[in-house]
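Straight from Swiss-Prot, the features:
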REGION    1-31  region 'Disordered'
TOPO_DOM  52-218  topological domain 'Lumenal'
CARBOHYD  Asn180  N-linked glycosylation site
TRANSMEM  219-239  transmembrane segment
TOPO_DOM  240-447  topological domain 'Cytoplasmic'
REGION    308-327  region 'Disordered'
REGION    375-421  region 'Disordered'
COMPBIAS  383-392  compositional bias 'Polar residues'
TRANSMEM  448-468  transmembrane segment
TOPO_DOM  469-1352  topological domain 'Lumenal'
DISULFID  Cys527-Cys539  disulfide bond
DISULFID  Cys535-Cys546  disulfide bond
DISULFID  Cys548-Cys562  disulfide bond
DOMAIN    664-708  domain 'EGF-like 2'
DISULFID  Cys675-Cys692  disulfide bond
DISULFID  Cys694-Cys707  disulfide bond
DISULFID  Cys724-Cys748  disulfide bond
DISULFID  Cys750-Cys763  disulfide bond
CARBOHYD  Asn796  N-linked glycosylation site
DISULFID  Cys838-Cys1000  disulfide bond
DISULFID  Cys996-Cys1003  disulfide bond
CARBOHYD  Asn1033  N-linked glycosylation site
DISULFID  Cys1049-Cys1060  disulfide bond
DISULFID  Cys1062-Cys1075  disulfide bond
DISULFID  Cys1203-Cys1290  disulfide bond
Amino acid sequence: MAAAGARRSPGRGLGLRGRPRLGFHPGPPPPPPPPLLLLFLLLLPPPPLLAGATAAAASREPDSPCRLKTVTVSTLPALRESDIGWSGARTGAAAGAGAGTGAGAGAAAAAASAASPGSAGSAGTAAESRLLLFVRNELPGRIAVQDDLDNTELPFFTLEMSGTAADISLVHWRQQWLENGTLYFHVSMSSSGQLAQATAPTLQEPSEIVEEQMHILHISVMGGLIALLLLLLVFTVALYAQRRWQKRRRIPQKSASTEATHEIHYIPSVLLGPQARESFRSSRLQTHNSVIGVPIRETPILDDYDYEEEEEPPRRANHVSREDEFGSQMTHALDSLGRPGEEKVEFEKKAAAEATQETVESLMQKFKESFRANTPVEIGQLQPASRSSTSAGKRKRRNKSRGGISFGRTKGTSGSEADDETQLTFYTEQYRSRRRSKGLLKSPVNKTALTLIAVSSCILAMVCGNQMSCPLTVKVTLHVPEHFIADGSSFVVSEGSYLDISDWLNPAKLSLYYQINATSPWVRDLCGQRTTDACEQLCDPDTGECSCHEGYAPDPVHRHLCVRSDWGQSEGPWPYTTLERGYDLVTGEQAPEKILRSTFSLGQGLWLPVSKSFVVPPVELSINPLASCKTDVLVTEDPADVREEAMLSTYFETINDLLSSFGPVRDCSRNNGGCTRNFKCVSDRQVDSSGCVCPEELKPMKDGSGCYDHSKGIDCSDGFNGGCEQLCLQQTLPLPYDTTSSTIFMFCGCVEEYKLAPDGKSCLMLSDVCEGPKCLKPDSKFNDTLFGEMLHGYNNRTQHVNQGQVFQMTFRENNFIKDFPQLADGLLVIPLPVEEQCRGVLSEPLPDLQLLTGDIRYDEAMGYPMVQQWRVRSNLYRVKLSTITLSAGFTNVLKILTKESSRDELLSFIQHYGSHYIAEALYGSELTCIIHFPSKKVQQQLWLQYQKETTELGSKKELKSMPFITYLSGLLTAQMLSDDQLISGVEIRCEEKGRCPSTCHLCRRPGKEQLSPTPVLLEINRVVPLYTLIQDNGTKEAFKNALMSSYWCSGKGDVIDDWCRCDLSAFDASGLPNCSPLPQPVLRLSPTVEPSSTVVSLEWVDVQPAIGTKVSDYILQHKKVDEYTDTDLYTGEFLSFADDLLSGLGTSCVAAGRSHGEVPEVSIYSVIFKCLEPDGLYKFTLYAVDTRGRHSELSTVTLRTACPLVDDNKAEEIADKIYNLYNGYTSGKEQQTAYNTLMEVSASMLFRVQHHYNSHYEKFGDFVWRSEDELGPRKAHLILRRLERVSSHCSSLLRSAYIQSRVDTIPYLFCRSEEVRPAGMVWYSILKDTKITCEEKMVSMARNTYGETKGR
């Protein structure tokens, strides 16, 4: 598919590249010196000539000769003329029969005969929606095909005509439906006579004639002024030549020191000090917008040498924005490294002096040695040059620097020939001096004369550029649905143009022709029409067959691709562990999940610090060990660019496909491929594999002699005899799940007269071993479980004590404490004072956060659900480690670990022993009870009732000793329910750690008392990392790295600064690194701001960890739904927290805030919605977006807003007014007054009016009956129908005895970002680093208070 996306040149020798720029775009001239300002103003045309490439290009300035006109041509008229339907198009027609005229008729017939069999045999129903096309463009300009329409849209043509107004008026196009079922579209040039006959004169022609006359006059004036200016310049130059010719004629001489200084012009950055590199890098950084990567050029050290930039300025300008946008971490191509071309050929012809040769060789030697010493070096990419090829489909390659990969080909050489070229070339003074003409007389023209000449040349070029005529070009763009064009469709382009299918995702088999002019015969481009399988290297223009360069062979499956057949002395494992899969940083999708093919030079190599192996860099690849860009990949490719350059390079789907192209790594057909013991021979190449691999679930031994199961045995080759005291034995056993493979089982043994001890590693003398009833029993008073957690490892991430014992448990010292047996040595146990024992603590009532997210049942009359915690601690002991003695098992494992240990070995150690050990902890017993209240109102009423009933009567009013939890438990047990059923929704959930002593009355329970219970671990006060027990600094650093990887990168990547560099295996299905997962944010109602009828405040805790994933933005979605079972057909409104809310670009109804939680490092973001509808069901959704474009899982809050506000006093007044109007005889005017009054109030107010009317005047008749009697059935129905809008929840609240209105004023932090994010950024910025200014404001929230009695 990638090869189908490349744009190709249609004819032999046609090499147009890129999209042609239609329209004339003169730039502003450079500012001249003040003496020439008047003359410069005279030469300028009166109006400014600006011809930008805008959408309204047809409205050019009148003095500009260029015009740009865009015409859209619909295919609907041609389709209507046909006798077939839209969905049943015939596909068995020829593609060009009858369309060509003159010399092209024969070629059209040939196209028809070639296309008819393929198109008639379209497969099944897919061919019914396809259409044969025949597009012919006789004018210069390309034909583009884009499948950007839906299947229900009609195709159409777009013509972009660029040229003079007269030329554009001669462009003619027509479309028709041919008899054979082909849609024919033809663009041609009409003559002036035909145009005059076919087109009536318009009102614009006289004005254009006047403009043409003024244009000729302007040209004449300009020509005269230019001639005068040139005459003055010649006279000035002659005067200066006469005056200064005799003054300075001596030849400048140079000293030996100067020549030595100029001996070498460029020194690679590796030979510079780190300060010099950083200073030069910072100076270059000021001219770029990218915060990720900065291009670094080699540093010139000449003082009097004029350094010339040899890059192509237009090409560089076109791509600077893309490089800054993608934040490329690779450097640009260096002018001083490996530049092919004429300078290199000339340099190789002329040999330098012997001293110069020695200097260069010494520099090269130092340069290579610095690589071997892991010195950070940057190797620049090669400048790609145009290469000659016999393939008519290949064009010049655009010089880009994307992600540090550049597929440059030297002129006249193939990919294999580039392997032998020298990568580094140093230019010496002897070579550079050819440009300066040593020994000649100094020019007599000084700076003033040069300035005059430069300014005159600029003015002359500008004036001549203004008068240049614009050639006529017509770009034809065909917009079609996907899978629309049938096989056999034909395209005819003029010579110098091409067919652009770069955006065509599903190309068909085409016939492509080109012609020199309208009457010349058509020439078929067999190479250009290979859209689905374009040739990778060479293409025969006569037959269209693909071939390969020397050293390459056609792929056995895909014949249009080439694989390398000659690799020289390439043996051993593939070393590129740092090349990872590319992905699209913009969309966050795997586009493409490719590994690019490169050519390699075996003559050079370098050491990569990150891979710990010697690698051979590709010719076109820049390996930059200094790159510390915060991205998980070193290769990033844009999908469009990959398709465009498929002719110069191809790719493989996976890295295994790339490695397989190198051929087998071993011959496994005989002698197990040379693999020893139980290694298995694998002929396929793999990353960092020599072909000898271990069976599944086994790992190699330390010395690499065999494979063993590290979970069931020891390693005798670890350098410490496997931890055995005497013998370490090995045994080869077959694997139970694979009889063809085996494992090496290793265990400890003892020599004669010794026996293996119970620990399995040490040995005991047989004379010291006592067995039988006569032997003394060991002392059973030792307690090896009390405070045992202090001797084991602890995982600080999972908060669990591990099974592995770190410290040895001995009982040599008399370590006793009251009521306990002898304790292990090294434990210091301190009982806490009596005042801290048996203390009950009741927390403040807080909103239940677990019930403020998801599907929320909120009652504004009762308030938030609340929660309180009751905790009692007793039998408390503070335990510390006074002295430590490492256990034998832990000591043996530490001996095995080295700085070369793999991350998996260290992670296995952490999994068994943990990451820390406990240095200080609190032991005892604890009773914790959580009290859940259904609402805030219930909690307040129960607390008031508790205070009232547990207080003695009298003036002192001292509280009794009964705790609140005991009082509530008594209510729940005895079911002492009050009139308002307060206790019905209260729940108490308790959890006990250890046993409560009988001396504590707050936690003891009948029948479960214990005088001196065993204390358990309650709280860990201080932990110490295990790596502090490691002596070797290298091993300690490796353990730290593995520990950080397990903490932040899931053990599948390395921590670099504050981000994770994922392994090759830590990529998800979409190609994005997932070793540092993006947590799910939890959206909830703000616990401090309860919702009202129109205002809802939401908040969430920032999920960005300290290391790893970086959150770029949070996306909020809110919509109003009818029921909880929403079908999600209405998506609602999406808001970006960073771009819409913090920037202030959103609506005034939504505001953003930010605050800090109990821990300052934790940020809490909040959003307040102000313009919601009362009694409406709303659904709010939140997800996070990281800097790679990944989305987290959704968090949802569904909530019904509070009931509408009502004025109870006004409702009662309206009820009285309606009663007075209904009372007695009701005239027509009174009826209308009553009707208008009831229709003007809201539905909730009408419900409240009905409540007051019935409560006061129901004895005179119900409100419904009285309204029907007084107003009539029709008007009464219109009024009473509005009561149906009130929900059942609000109708129950509106029946309350009293409703009071109040306004709560709540402080809220309104935040705005100080910086503006630039539009179209590819690299997402980090939200936490955004500078935010917050201002505290008061938010007024009107509420209703419902009750059975009037509030105070």
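First residue shown is number 1, and so on along the chain.
Keep in mind that glycine also has a Cβ here, set from the backbone N, Cα and C atoms.
Given the structure is predicted, the values throughout are model-derived calculations rather than measurements.
Each residue contributes its Cα atom, and for Cys1049 (disulfide bond) and Cys1075 (disulfide bond) these two points are 5 Å apart. Using Cα positions, the member of the recorded positions Cys763, Cys1000, Asn1033, Cys1060 nearest to Cys724 (disulfide bond) is identified as Cys763. Rounded to a whole value, the Cα-Cα separation of Cys1003 (disulfide bond) and Cys707 (disulfide bond) is 57 Å.
Residue counts for the domain 'EGF-like 2' (664-708) under DSSP (helix as H, G, I; strand as E, B; rest coil) come to 4 helix, 9 strand, 32 coil.
According to DSSP, Cys562 (disulfide bond) sits within a strand segment. Look at Asn180 (N-linked glycosylation site): DSSP puts it in coil. Among the recorded positions Cys694, Cys748, Cys838, Asn1033, the ones whose Cα is located within 10 Å of the Cα of Cys996 (disulfide bond) are Cys838. Within 10 Å of Cys562 (disulfide bond), judged by CA to CA distance, lie the following recorded positions from the set Cys535, Cys692, Cys763, Asn796, Cys838: Cys535. Note: the CA-CA distance between Cys1000 (disulfide bond) and Asn796 (N-linked glycosylation site) rounds to 33 Å.
Calculated from their C-alpha atoms, the gap between Cys535 (disulfide bond) and Cys527 (disulfide bond) amounts to 8 Å. When Cα-Cα distances from Asn180 (N-linked glycosylation site) are compared across the recorded positions Cys675, Cys707, Asn1033, Cys1060, the shortest belongs to Cys1060. Other Cβ atoms within 10 Å of the Cβ of Cys748 (disulfide bond), summed over all protein chains shown, number 22.
Counting neighbouring Cβ atoms within 10 Å of each of the disulfide-bonded residues (Cys527, Cys1203), the lowest count belongs to Cys1203. Take the CB of Cys1003 (disulfide bond) and look out to 10 A: across all protein chains shown you find 22 other CB atoms.
Here the candidates are the disulfide-bonded residues Cys750, Cys1060, Cys1203. The one whose C-alpha lies nearest to that of Cys539 (disulfide bond) is Cys1060.
Every protein chain considered, the tally of other Cβ atoms within 10 Å of the Cβ of Cys750 (disulfide bond) stands at 18.
Of all the recorded positions in the list Cys527, Cys694, Asn796, Cys838, the shortest Cα-Cα distance to Cys763 (disulfide bond) is found for Cys694.
A C-beta separation below 8 Å, combined with a sequence spacing of at least six in one chain, links Asn796 (N-linked glycosylation site) to Gly914, Ser915, His916, Val1023. Sorted by the number of other CB atoms within 10 A, the disulfide-bonded residues Cys535, Cys546, Cys1000, Cys1075 start with Cys1000, the lowest. In this structure, the disulfide-bonded residues Cys1049, Cys1062 were compared by how many other Cβ atoms lie within 10 Å of their Cβ, and the smallest count belongs to Cys1062.
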